[in-house]
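Asker: The transmembrane segment annotation in TrEMBL covers 6-27, 48-69, 81-114, 135-154, 166-185, 255-276, 288-304, 324-343, 349-367, 379-401, 413-435. Per TrEMBL, domain 'Major facilitator superfamily (MFS) profile' is recorded for 9-437. Per TrEMBL, compositional bias 'Basic and acidic residues' is recorded for 446-463, 479-495. Residues or ranges marked as region 'Disordered' in TrEMBL: 446-495. TrEMBL lists 464-475 with the feature compositional bias 'Polar residues'.
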Amino acid sequence: PSPPDGGWGWVVVSGAFISIGFAYAFPKGLAIFYKEIQDFFGTSYNEIAWVSSIMLATTYGAGPISSILVNRYGSRPVVMFGGLLCGIGMVSAAFCTSIIQLYICVGFITGLGLALNLQPSVIIIGKYFLKRRPIANGLAMAGSPVMLCTLAPLNQFLFDNFGWRGSFLILGAILLNCCVAGALFRPIGAATAADKTQATEEGKAALKEVTKDAMEVSGPMNIPTETKTEEEGGKDCCEKINKYLDFSLFKHRGFLIYLIGNVLMFLGFFAPIIFLAPYAKHIGIDEYSAAFLLSILAIVDMIARPTTGIIANSKWVRPRIQYFFSFAIAFNGACHLLCPLASGYTGLIVYSTFFGLAFGMVCAMLFETLMDLVGATRFTSAVGLVTIAECCTILLGPPIGGTLIDTFGDYKYMFIKCGAVMVLAGTFLFIMNYYNYRMLAKEEKERKAKEKDLKSVRTENEARNNWNKETTQNGPELEPLREEQEGLKKEVNGT
């Protein structure tokens, strides 16, 4: 069915606001507990960073699984099951006695639950919206900063009153709200689909009766049907997988450019936000002020995402939205490169403000630019393939930053590494998208020229056919009549 661009779609956006908010904000909000968990288990920055890395990598790496489940069962049951997994993972983490157990409970189980929340929420927005899709995506993506703004002080409050174990129990219960959000994802055109299914079943029953009667009349005629069934049953496994994941996207030039740029970008995308609160505590800022930096970032991010969605939907930006996306990534990297110049709490507030603006711009356009390249039909497969490719750099990004901190004893090298990587990714995407747009214009020009040539050839053929028809009409068959007419003319002239 065609997207309604409103109506129940806005309720779907509110559900996506909750599920996307938890999927993006929860791994960052847990950074509040890392300093205390690190002291409790006696681990290094590198080891504690693996908790968020595994969670984020699982969230992105399980994208194909999520896409296959959405294609098979729809968004609603997948998101509800994901919310249940999130709650189980965090409640189990409250009873962990080693850092390895935290990797499993928080990293894998909760990360898988968040993956089953993220992709279905993004996919169903594309089904409900077309003209207003950038605005809807911007509003849904605003759930991340709102949740982060709420979770940062809430986590600090929970830790002060219940410790990290009690906090994990309460957070597990809070994550069960994703089940409620998933219940709002009503399948589009559900009534029509039910009517079609009923009509199809009736048609199948009638066809089965007719086939049965025909088989009774002619016994041996059922052999080809059985052969056909066996051939259909012997389909290759790769064909079945390709039904849910379109691997032909790897031949798509725009998709490959997007994929390479994003894989490079995520090497430095999440580490700064994970280490922001620990960095503030490291330079002597108290816990609540350090948590408030995340709230500042989230508040600016909250404003930046819908604003970016409105700007990206304008007639000046939308035809060249890939350039805008490239600029946002490079701007994000420039903020990290300038972060070591910030001295004291005031400097960190300024950095958090600009970081929140840049972070919101990137997140608001992250999926819109992908849909702009591949279209809504192939978007489900594209999300799954992109996320599994990105999970490697997401997994390595924070631990590399933690290793730099452990090695040099200073956070500035981590910020410089992340900034340089993101500036490089933004520059790559800008140059390659310029090349892609030029190639698309050239291919469109060649296509129009080919159509023009085909039209001219078709016109010539029609003219030739008409000429042949006229020649045939005036051919040797009419020669006796022509001679008779000439004889009559001579007699008239003689008279």
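Count begins at 1; order follows the chain as displayed.
For all residues, glycine too, the Cβ spot is worked out from N, Cα and C.
The shown structure was predicted, so the numbers you read here are calculated from the model rather than taken from an experiment.
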Asker: Would you kindly check 48-69, 135-154, 324-343, 379-401 and say which stretch has the most C-beta pairs under 8 angstroms to the transmembrane segment (81-114)?
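Answerer: Ranking 48-69, 135-154, 324-343, 379-401 by Cβ pairs under 8 Å to the transmembrane segment (81-114) puts 48-69 first.
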Asker: Give residue numbers and ranges for long-range contacts of the transmembrane segment (349-367): same chain, 6 or more residues beyond its ends, CB-CB under 8 A.
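Answerer: Hits for the transmembrane segment (349-367): 24, 122, 137-138, 141, 144-145, 262, 265, 269, 272-273, 276, 293-294, 296-306, 308-309, 312, 321, 324-325, 328-329, 331-332, 334-336, 338-339, 342, 383.
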Asker: Please average pLDDT over the domain 'Major facilitator superfamily (MFS) profile' (9-437) for the predicted structure.
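Answerer: Per the prediction, mean pLDDT sits at 80 for the domain 'Major facilitator superfamily (MFS) profile' (9-437).
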Asker: What is the number of residues in the compositional bias 'Basic and acidic residues' (446-463) that are helix, strand and coil, as DSSP sees it?
Answerer: 18 helix, 0 strand, 0 coil
